[in-house]
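Structure first, commentary second.
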């Protein structure tokens, strides 16, 4: 079976730093530890309100990462310009609302097709690989294809938040079907949001999924076990699910 890759989201290291307005813990240091522990890439979300990751973080991480940067951002002129200046390997376009604690759902590509397509084309022309964070919905996948996005990231929040085994299995089936559908269209499929050490294996076992982006669970585990072990343990579960 094909390999699966782990992108470690380090936003919540920045959240902890910003809670006191200090210079520590530094997400740049966290990225270096995560890479040494087996992370295949580092994911960061530069929000419009800069609530965790800052422009400084983006700049230094771009200079120091040994793996690849996946820059999550809203579909705005400001963010597109920052991406063009920064030149990350990947940009993931996500929905964003100031009042939300975290990204609450997938990007409505279908409802803003021309806007997303324009951003995708601009970033692609600069050599940046674009991913669209969407729900496991065929119409949204078709819209992503129409935008020319080579990657999508399937939103796993509904799966992660399911209150019963039946609901979770239903959400898992939706994700698996969406991954297969997108793969058949020639789109590379990533997934993420709300994944934990307890629920990640079933998602990692879906053969069409290329990479999982996971942050909160890893940073939470790192408080008790250390970041290197937290990353290595998550990667081990994912790899075992592919055997």
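Our numbering is plain: 1 for the first residue shown, then up by one each step along the chain.
In case you wondered, yes, glycine gets a Cβ from its N, Cα and C as well.
Taken straight from Swiss-Prot:
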ACT_SITE  45  active site, proton acceptor
ACT_SITE  72  active site, proton acceptor
ACT_SITE  193  active site, proton donor
BINDING   9, 20, 194, 215, 216  3-amino-2-oxopropyl phosphate binding site
BINDING   11, 12, 47, 52, 102  1-deoxy-D-xylulose 5-phosphate binding site
SITE      153  site 'Transition state stabilizer'
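Annotated pair residue 72 (active site, proton acceptor) and residue 45 (active site, proton acceptor), C-alpha to C-alpha distance, rounded: 4 Å. According to DSSP, residue 9 (3-amino-2-oxopropyl phosphate binding site) is assigned to a strand segment. Least packed by the Cβ count within 10 Å, out of the binding-site residues 20, 47, is 20. Set side by side, the binding-site residues 194, 215 differ in how many other CB atoms lie within 10 angstroms of their CB, and the most is found at 215. Cβ packing within 10 Å was compared across the binding-site residues 12, 216, and the lowest neighbour count falls to 216. A count of other CB atoms within 10 A of each Cβ picks out 153 as the most crowded of the recorded positions 11, 72, 153.
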